[in-house]
Amino acid sequence: MILQRLFRFSSIIRSAVSVHFRRNIGVTAVAFNKELDPVQKLFVDKIREYKSKRQTSGGPVDTGPEYQQELEKELFKLKQMFGKADMNTFPTFKFEDPKFEVIEKPPA
């Protein structure tokens, strides 16, 4: 009786594990497939090209002097609006504890 339950339980586990592995193998087969269709290949190549350009320039890619001027102008506006604070740091907040008055409870 116990042996039958053990065999039944092991067959259930075996089927669940096989389904799990079959599903994961199907996903990894697609992930490791290096043969891409031409559109995917162009897309991936453009992303890699953009990444390398961004790393070499250290900032926005394919921008002209007008972009830099606009960026400077907008940062200047923000500094004027928010008290000339450094826009690259998180502001520090200073909260003061409220002062409460002690009120005597009248005798009942």
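Cβ atoms are placed via backbone N, Cα and C, with glycine included.
For reference, Swiss-Prot has these:
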type: TRANSIT; residues: 1-32; note: transit peptide
type: MOD_RES; residues: LYS41; note: N6-acetyllysine
type: MOD_RES; residues: LYS46; note: N6-acetyllysine
type: MOD_RES; residues: LYS79; note: N6-acetyllysine
type: MOD_RES; residues: LYS84; note: N6-succinyllysine
type: MOD_RES; residues: LYS84; note: N6-acetyllysine
type: MOD_RES; residues: LYS94; note: N6-succinyllysine
type: MOD_RES; residues: LYS94; note: N6-acetyllysine
type: MOD_RES; residues: LYS99; note: N6-acetyllysine
type: MOD_RES; residues: LYS99; note: N6-succinyllysine
type: MOD_RES; residues: LYS105; note: N6-acetyllysine
Exercise for review: Determine, to the nearest whole angstrom, how far the Cα atom of LYS46 (N6-acetyllysine) is from the Cα atom of LYS79 (N6-acetyllysine).
Suggested key: 36
**Study point:** Between LYS105 (N6-acetyllysine) and LYS99 (N6-acetyllysine): CA-CA distance (Å)
**Key:** 18
Point to revise | Shortest C-alpha distance to LYS105 (N6-acetyllysine) - which of the modified residues LYS41, LYS79, LYS94 | key: LYS94
Check your understanding: What count of other C-beta atoms do you get within 10 angstroms of the C-beta of LYS94 (N6-succinyllysine), across all chains shown?
Key -> 4
Check your understanding: Near the Cβ of LYS99 (N6-acetyllysine), how many other Cβ atoms are there if near means within 10 Å?
Key -> 5
Exercise for review: Measure the Cβ-based neighbour count of LYS41 (N6-acetyllysine), defined as the other Cβ atoms within 10 Å of its Cβ.
Suggested key: 12
Review point. What is the total of other Cβ atoms whose distance to the Cβ of LYS105 (N6-acetyllysine) is within 10 Å?
Key: 5
Exercise for review: Quick one: pull the CA-CA distance for LYS41 (N6-acetyllysine) versus LYS94 (N6-succinyllysine), whole Å only.
Suggested key: 53
